[in-house]
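Lifted from TrEMBL, the feature list:
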DOMAIN    70-520  domain 'Amine oxidase'
BINDING   Ser71, Glu90, Ala91, Val295, Glu497  FAD binding site
BINDING   Phe412  substrate binding site
Amino acid sequence: MSGAVVTRGPGHTVGRLLGLVANALSGTGTRYKAAAVAPHRSISTTTTGLPPLTHLPMTHSDIIVIGGGLSGLSAARKLHEAGKTVTVLEARDRVGGKTWSVRTKAGGNVELGAAWINEHTQPTITRLAEEAGNRYFEQNVDGSAIVYHSRSGERALFPGATVNELDPKDPLYTLKTQLQALSDSVDLADVSRTPNAQELDELSAYTWFREAGATPQQIHEDLEPIVGTIWGGTAREISFLYLLHYVKTCGGWVSLISDNHKGGQYQRTRNGNQSMSLYLASLLPEGTVRLEHPVSSVTRTRDIVVVGTRSGASFTADAVILALPTPLYSNIRFEPQLPLLQRQAVERSFVGYYCKVILVYDRPWWYEAGYSGSSFLPDGHVAITLDSSDGIYARGLDARGMAPRQYSLTCFVTDQRGLKWSQLPKAERHAAVIAEVGAAFQRPQDAAHPVEIFELEWINQEWSRGAPVALYPPGQFLLLAQASGAPTDRLFFAGTENSPSWKGYMEGAVIAGRNAAGQAIEWLNGPGRKGKLRRGEVVAGKL
């Protein structure tokens with residue numbers, strides 16, 4: 001593993017990542033010190049804590065990758081391994097994108113961004129985690145989960161896991177069975193070939209739920225908390241065809257929402273998911289990754305692509321990979337413009353409101369009381385809570401060396417009710433979350449005393465503007481889906497939303513990055529490099 005140098009801003013450096021990766025994997029060092037916050041402080045920025053090195057000159061690259069998250073760095077790694085020169089431009093002062101692991105006072109990690117992997121259904125990210133020296137453990141589902149209605153005070157308990165199979169006793173069993181069948185019918189290669197694609201696209205998810213027999217109350221109680229937590233939007237805002245397409249990439253409805261060995265919420269990593277991006281960056285040559293380089297322009301000339309940054313620095317390459325959420329393309333001036341349908345995808349897609357509030361405690365009081373930590377709160381600001389302690393409960397024993405180092409509940413505050421909550425002063429926001437957790441678990445005294453609170457509103461992160469992926473309103477997805485990630489005139493597109501598998505997850509991010517790199521490599525090795533692509537021409541890459 002080479003000791004990569006990461007350059008920070010024009011004329012400045014932030015130093016080597018290799019030692020940082022070692023520290024992250026061993027649970028030592030200063031990487032997360034600046035990101036950890038005192039009780040009741042919001043997270044806004046972080047520093048790298050890396051030693052300075054000398055300035056590295058800019059050079060022409062085969063490929064420039066815009067975005068230093070998992071997808072962009074996965075693309076960069078594949079390019080480097082293929083013998084191509086690459087420069088990664090990252091706007092933030094850190095790598096990782098929507099993976100952001102921070103250290104608590106007790107020394108454990110919490111995830112402000114992407115949280116889960118699955119060794120059975122997500123082999124790509126699992127291999128990367130293992131390669132980076134990361135260990136993983138199962139999401140805690142021991143104990144009872146809760147559905148709490150704050151308006152009526154009604155409270156119901158059920159087994160701690162989320163739905164892992166469709167239950168014929170579920171009042172919405174028929175609806176969910178139909179949803180599963182419809183998602184199976186989606187053609188991922190060409191969504192327009194999906195049966196009744198136009199009609200499905202014109203429906204909102206909410207309208208389809210109603211037409212399939214769900215009452216407004218059932219949608220409010222059962223479906224909206226899930227929609228908000230997965231997509232950051234409401235069922236009224238999202239094209240039903242988009243929802244089906246997303247579900248299909250994740251293996252089906254049950255796979256998407258469950259936390260068993262088939263599900264998307266099955267396992268979490270011990271050393272933090274950001275450590276995988278740090279590891280990827282450490283594999284690249286000196287000067288490859290440049291932090292604090294927000295891109296402002298991409299100009300395609302006859303022979304090269306010139307990428308300009310806000311600071312005034314310019315970089316050149318034969319082609320560019322964009323590893324950004326689609327709505328963020330609006331931050332960049334493209335010359336010539338993107339093709340019309342891609343511009344429309346940028347303008348018509350949106351990213352929902354998505355916030356994590358992580359309550360850290362000195363003991364797992366919910367687990368001690370017989371609860372899994374999972375709760376559904378249809379009436380509150382919080383949609384769902386989940387246990388996010390960073391280890392395995394084993395009756396006080398150190399199970400496989402992975403006893404929790406921190407005890408926490410992650411509270412998902414999303415969609416329109418999250419927007420309303422976000423307008424409250426910080427102290428009131430946190431008080432509201434704590435009160436809802438205390439009421440749901442009927443342990444207000446225990447809930448009232450977190451030792452730390454981490455909060456991150458992704459919509460307020462300049463280089464994310466929301467999470468987890470771009471969403472499409474009714475009537476927009478069918479026309480724009482194929483265009484949004486289609487390679488064109490020396491531009492290739494990564495990012496988890498462009499993945500054919502596990503869209504919105506870290507698995508999807510890595511796959512999309514490698515796919516984009518494969519397309520770029522084929523172009524570099526083929527006739528396209530000598531005779532440039534016609535504007536709007538789509539390249540069929542090796543996936």
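The backbone N, Cα and C atoms fix where each Cβ goes, glycine too.
Structure coloured by features recorded in TrEMBL.
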{"residue": "Ser71", "record": "FAD binding site", "DSSP class": "helix"}
{"residue": "Glu90", "record": "FAD binding site", "DSSP class": "coil"}
{"residue": "Val295", "record": "FAD binding site", "DSSP class": "strand"}
{"residue": "Phe412", "record": "substrate binding site", "DSSP class": "strand"}
{"residue": "Glu497", "record": "FAD binding site", "DSSP class": "helix"}
Cα distance (Å, whole number) from Phe412 (substrate binding site) to Ala91 (FAD binding site):
26
Taking every residue in the domain 'Amine oxidase' (70-520), what is their average pLDDT?
94
Rounded inter-Cα distance in Å - Glu90 (FAD binding site), the residue listed as 'substrate binding site':
27
May I ask for the distance between Val295 (FAD binding site) and the residue listed as 'substrate binding site', taken between their Cα atoms and rounded to an integer number of Å?
31
Most crowded position, judged by CB atoms within 10 A, among Glu90, Glu497 as binding-site residues:
Glu90
Ten-angstrom check, please: count other Cβ atoms within 10 Å of the Cβ of Phe412 (substrate binding site), all chains counted.
21
With an 8 Å cut-off on Cβ-Cβ distance and a minimum sequence separation of at least 6, pull the same-chain contacts of Ser71 (FAD binding site), or say none.
Gly97, Ala323, Ala494, Gly495, Thr496, Ala509, Val510, Ala512, Gly513, Ala516
Cα-Cα distance linking Phe412 (substrate binding site) and Glu497 (FAD binding site), given in Å to the nearest integer:
21
